[in-house]
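The structure appears right after this line, and notes come after that.
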Amino acid sequence: MQVKVIDHPLIQHKLSLLRDKNTGSKDFRELLEEIAMLMAYELTRNLPLEETEIETPVARCKCKVLTGKKLGVVPILRAGLGMVNGVLRLIPAAKVGHVGVYRDPETLSPVEYYCKLPTDVSERDFIVIDPMLATGGSSVATIDMLKRKGAKNIKLMCLVAAPEGVHRVNEQHPDVEIYTASVDERLNDHGYIVPGLGDAGDRIFGTK
Ligand code: URA
């Protein structure tokens, strides 16, 4: 199983608060955004740097700055929206695409109903955001679509993953690195991650 579990204490602490069924939507949204920002720090660890010369108030010096690599962030609607602002706080220049995929409740297969991406997909590296990597169907469908449009370098950011989803993404897209805060036990018969945190979209938006 190829997956990077980000086990930073702050992330693990905040994730435990998210899992608690008594955590309400306001706190849930804030915690999710904070975790997304902390995870983005880890995902961007290898962004390329170049040297430039800067004049400080004291002297000239050679310093490192980002090369300006173009990035794209693609939240899968709707729960992915809950992590976008946290990521954008660290990489505000990233363009945001949106992909709408829902799981057919009977077949559990992904159905794409919305897609709006930056025009220059082939020039960007992408972070696909799907907080709950359950069966992996929505993530695989989104990555398939990004690759069809020319994306070459894609990472998947999720909050909680089921082993089944990790295996599926590994199998279909071995080049895509998966980052998560936890790999949980399993999926239940309704496609929910166990222990998970319930329906992420409902908890973010206060729906049922
Ligand atoms: N989507 C969710 O929001 N929660 C799960 O447990 C699985 C899929």
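Each Cβ is built from the backbone N, Cα and C atoms, and glycine gets one as well.
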> Which single residue out of Asp20, Asp199 does TrEMBL record at the 5-phospho-alpha-D-ribose 1-diphosphate site shared with Arg78, Arg103, Asp130, Pro131, Met132, Leu133, Ala134, Thr135, Gly136, Gly137, Ser138?
Replying inline: Asp199
> In sequence order, which same-chain residues at least six apart have a C-beta under 8 angstroms from Gly136 (5-phospho-alpha-D-ribose 1-diphosphate binding site)?
Replying inline: Glu164, Gly165, Val166, His167, Arg168, Val169, Gln172
> Does DSSP give Ser138 (5-phospho-alpha-D-ribose 1-diphosphate binding site) helix, strand or coil?
Replying inline: helix
>> Considering every residue in the domain 'Phosphoribosyltransferase' (5-207), what is the mean pLDDT value?
In response: 96
> DSSP on Arg78 (5-phospho-alpha-D-ribose 1-diphosphate binding site), three-state: which is it?
Replying inline: coil
> At the Cα level, what's the spacing in Å between Asp199 (uracil binding site) and Ala134 (5-phospho-alpha-D-ribose 1-diphosphate binding site), rounded?
Replying inline: 11
>> Given a 10 Å Cβ-Cβ cut-off, pick out the one of the binding-site residues Asp130, Asp199 that has the most other Cβ atoms nearby.
In response: Asp130
